[in-house]
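Participant: Mind looking over this structure? Questions follow.
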Amino acid sequence: MFGSSGFGNKSMFGGSNISTSTTTPAANTTQNDDFLVDGAPEDTIQVIKFSPTPQDKPMLACGSWDGTIRVWMFNDANTFEGKAQQNIPAPILDIAWIEDSSKIFIACADKEARLWDLASNQVAVVGTHDGPVKTCHWINGNNYQCLMTGSFDKTLRFWDMKNLPNQTQMAQIQLPERVYAADVLYPMAVVALANKHIKVYNLENGPTEVKDIESQLKFQIRCISIFKDKSNQNPAGFALGSIEGRVAVQYVDVANPKDNFTFKCHRSAELVNGFQEIYAVNDICFHPQHGTLVTIGSDGRYSMWDKDARTKLKTSEPHPMPLTCCDVHSSGAFLVYALGYDWSRGHEGNTQPGSKIVIHKCIEDMKPRPTKK
């Protein structure tokens, strides 16, 4: 289903180094050899992403509800430097790196998608919707490149970057509901909608819908992440997280329906006033080498899972605030997650000061356990 073909002409931005701004002190070490990144925004961090390159000195970017997007450089196992920051006049809902890490796309609540050129430190509007832009993903195809944005205006739009500063829309897909979450692992794209349906697209010849899958989850979808097949070569399916403390594992082309399943997570171990406390799954990431996954929740914990063995690998101790978003570095060595208020208890529940960013060494924690004979 997911091979290769053409769609437009490939356009290259080219690569350049980031211009260095003020440097923050070295990160502070926390328990279990985790590392606290200095200079986190005050407001809730909505999205956090490692850069694709370079492997030895990756960068880290986060977008916040206060409209700030920040970039750090990872120098060694204990030291992070703040490199750059931009202030956007709207909450930031998503970000996406370009493949050479020279630029970042920004999805904003003011109905605009922006591009931040790190070398020139300039920000330009590259796409516009009729509602808040909830998701953005850079598609680096075999024969074309473009930005994919999903919005509360019930559309998925694709933008050509060759004619900047002019906005050039390559395609638009009308959807039955608002976009709540999306992911891209070329040539697959998945888009989770407010009606709990997931649209699956093949991107090889331009965006072509190949499936409409109804979620196994009964409650609102919060996050979605694509996983590869067991050979770790091609995209095979996706995992969904919901506000009900549950994850669904769904294959796109499933030989055995029993391969699709759900599991409970991010719930209190003890009953509270006779009831179990249930927390939202705020983000999901797959390990690039092991194929295992990490979930983070409003309970302030992260948990690591082996979906093939259907076992839990690890659950963290509780943090004092919800975990709002996460990412795993392409080397598989590091998990980054953000702490902050996730608004699950409304305005009156916002008593937690500021946000925090933590780096966790995860390559051993996320390694599948040997099967018992």
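Cβ atoms are placed via backbone N, Cα and C, with glycine included.
Take a look at what Swiss-Prot says about it:
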{"type": "MOD_RES", "residues": "M1", "note": "N-acetylmethionine"}
{"type": "REPEAT", "residues": "40-82", "note": "repeat 'WD 1'"}
{"type": "REPEAT", "residues": "87-126", "note": "repeat 'WD 2'"}
{"type": "REPEAT", "residues": "128-169", "note": "repeat 'WD 3'"}
{"type": "REPEAT", "residues": "276-315", "note": "repeat 'WD 4'"}
Participant: For the repeat 'WD 2' (87-126), what are the same-chain contacts with Cβ under 8 Å, counting residues 6+ beyond its ends?
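Facilitator: Distant Cβ neighbours of the repeat 'WD 2' (87-126) are 13-19, 46-47, 49, 51-54, 59, 61-69, 71, 132-138, 140, 147, 149, 151, 153, 159, 161, 164-165, 167.
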Participant: What same-chain residues lie close to the repeat 'WD 1' (40-82): Cβ under 8 Å, and 6 or more beyond its ends?
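Facilitator: For the repeat 'WD 1' (40-82), the nonlocal Cβ contacts are 18, 20-24, 26-27, 29, 88-97, 99-101, 104, 106, 116, 118, 324-331, 334, 336-338, 340-343, 354-357, 359.
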